Amino acid sequence: MARPGSGLLAPVNGLGYPPQNLARVVVWEWLNEHGRWRPYSAAVCHHIENVLKGDARGSVVLGQVDGQLSPYVIDLQSMHQFRQDTGTMRPVQRNFYEPSSAPGKGVVWEWENDNGSWTPYDMEICVTIQNAYEKQHPWLDLTSLGFCYLIDFNSMSQTNRQSQRKRRLRRRMDLAYPLIMGSIPKSQSWPVGASSGQPCSCQQCILVNSTRAASNAILASQRRKVYGGTGGNSGASVTLTGVRQSNTFAGTSLWSPTSASSGTNNNNISVGGGHAKAEQVQSPLSSANFPCSPVMPSLSSAHGHHALTINGQNNLNRPGTQRISMGTARGAIPPGVPALPVKNLTGSGPVHPALAGMTGILMCAAGLPVCLTRAPKPILHPPPINKSDMKPVPGINGMRRKTKKKHLRRGKNPEDVVRRYTDKIKVAPDEDCTICMERLVMSSGYEGILQHKGIKPELVGKLGKCGHMYHLLCLVAMYNNGNKDGSLQCPTCKTIYGEKTGTQPPGKMEYHVIPHCLPGYPDSKTIRIVYDIPAGIQTNEHPNPGKKFSARGFPRHCYLPDNDRGRKVLKLLIMAWDRRLIFTIGTSSTTGESDTVVWNEIHHKTEFGSNLTGHGYPDPNYLDNVLTELSAQGVGEDNLKD
């Protein structure tokens with residue numbers, strides 16, 4: 001079958017957009033973590049275009065048109081989407097399609113995900129599917145677009161050619177994307193309102209506007225300093241070198257006289273910890289801290305040469321960034337200039353971007369030098385390791401453990417389990433049973449709900465280790481609502497009686513020593529633990545029996561120092577794995593996804609060479625903390641055999 005056209009207009013005239021007399025449909029897209037451009041809805045695109053008409057360098061508050069997007073702001077100058085509550089930034093782009101294509105007609109193609117909701121295809125794929133549908137093709141192979149899927153229009157399904165898994169797909173009608181004619185709106189002086197000439201008065205826009213005004217003032221000040229410093233040198237010469245384009249971030253253009261030599265002047269603004277290649281220079285205020293502000297001048301110095309990069313005017317339709325073609329220049333933090341490390345956008349850090357940015361503005365306004373640096377990215381994995389370099393952990397047999405459903409050990413009937421760990425009380429004290437909240441001198445609150453031979457509602461028992469007292473019938477009810485593994489856990493002090501097991505799905509655990517050291521342990525090698533759990537079907541012990549569960553992020557790599565204490569922790573983790581206590585099925589606290597495999601209150605270090613996320617090293621208290629967490633699950637040091 002011939003591959004249908006995508007409907008995407010190719011750049012003409014070298015400008016990245018069609019001639020003035022040609023109509024086109026505009027689709028705004030953002031870049032996700034998998035490198036795919038995901039389209040905004042038609043309503044959001046109409047909103048962006050309306051703002052663009054008023055101010056081509058303004059900011060778009062997406063929450064004004066879609067409540068679910070309230071944390072997001074798009075900065076049209078830097079072409080980035082900024083999430084205000086987390087600081088996350090993503091590139092955005094403005095794409096064009098034919099009016100007769102799917103977005104021009106308001107056609108949306110979607111596939112059904114694991115949660116039963118519908119996810120729209122990327123716009124390029126949507127256009128391709130619609131073209132094939134209109135030509136009445138019975139099926140469409142998406143291999144040519146880089147996806148191993150087969151679309152069947154008769155059954156309205158998508159089939160994975162490798163796994164043969166089928167998903168439903170659907171075609172629905174929505175609002176058509178905006179249609180434009182003529183040239184691209186030119187950049188205007190900021191601020192300009194969309195209609196009245198006045199900026200929005202909401203608190204969100206006031207914050208964005210005030211930030212942009214301050215950064216514009218700094219931009220003008222820096223320009224005066226740069227041109228004033230180079231112009232005063234009679235021996236200064238300016239050489240403009242060529243620039244090359246990259247498709248890494250669509251929509252940002254940099255004008256770059258890359259080598260302007262002067263005799264003694266060395267002006268430095270350092271990005272990224274004080275050493276940045278001029279090849280990859282970005283503005284510290286626009287890219288790290290002020291996504292809604294114009295790109296600030298960034299100066300890199302090497303042997304008395306100045307390199308200035310500032311944002312171009314008409315950058316909305318460029319297919320990629322322009323970078324300086326000089327890879328050897330370096331920028332250094334001048335002596336005495338304070339460096340403000342900016343919070344890593346995906347983790348924790350000493351200074352939040354907004355705080356660091358406002359501090360920079362105030363210091364610049366006072367005439368003080370400042371250098372904003374971005375925290376380094378976390379080092380999650382060690383350098384590549386040959387299989388022959390992976391050695392068994394000393395003192396531990398084998399290098400792998402597996403769990404299956406049969407590993408769950410069932411106890412005897414509930415009455416026997418309760419009687420095993422309690423002593424009968426002849427005279428009950430006049431206090432509450434913390435399970436049913438009835439007085440112990442009264443009958444259990446489960447009277448009439450549960451009936452067990454030999455256990456009367458008024459009987460009271462005392463747990464052997466901790467001494468807390470409950471109605472025996474209440475303890476039976478608590479046991480029946482748990483894992484029924486033959487163990488009890490005191491609801492007051494959490495003392496465990498018997499061997500507690502969990503509901504971890506089947507999987508495997510591997511562990512070995514690698515020839516690298518962790519931060520804080522320079523004299524020890526590293527124990528690497530690899531957990532791997534596949535997706536599957538929930539059983540009766542899980543929240544939703546019979547329903548599928550997902551397993552995101554596997555295999556998961558974790559790290560311990562290869563010393564006596566680290567090996568002790570590993571032995572206890574192996575014991576916890578055998579008891580199915582490391583993972584469980586629930587709702588992810590980071591993504592909010594339900595029915596997925598999550599950690600089960602035993603923390604692991606998943607960051608190898610840094611501690612930017614709080615899940616790495618150095619952390620001198622980690623081994624003690626994890627021993628405490630294991631003990632709370634009934635896996636204590638007293639369980640280890642000498």
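Using the three backbone atoms N, Cα and C, a Cβ is placed for every residue, glycine included.
Here is what TrEMBL says about this protein:
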- 14-94: domain 'WWE' (DOMAIN)
- 95-171: domain 'WWE' (DOMAIN)
- 382-413: region 'Disordered' (REGION)
- 399-411: compositional bias 'Basic residues' (COMPBIAS)
- 433-494: domain 'RING-type' (DOMAIN)
Pull the DSSP breakdown for the domain 'RING-type' (433-494) and write it out as helix, strand, coil residue counts. 9 helix, 14 strand, 39 coil
DSSP composition of the domain 'WWE' (95-171), residue counts helix/strand/coil, works out to 19 helix, 29 strand, 29 coil
What are the DSSP helix, strand and coil residue counts for the domain 'WWE' (14-94)? 19 helix, 28 strand, 34 coil
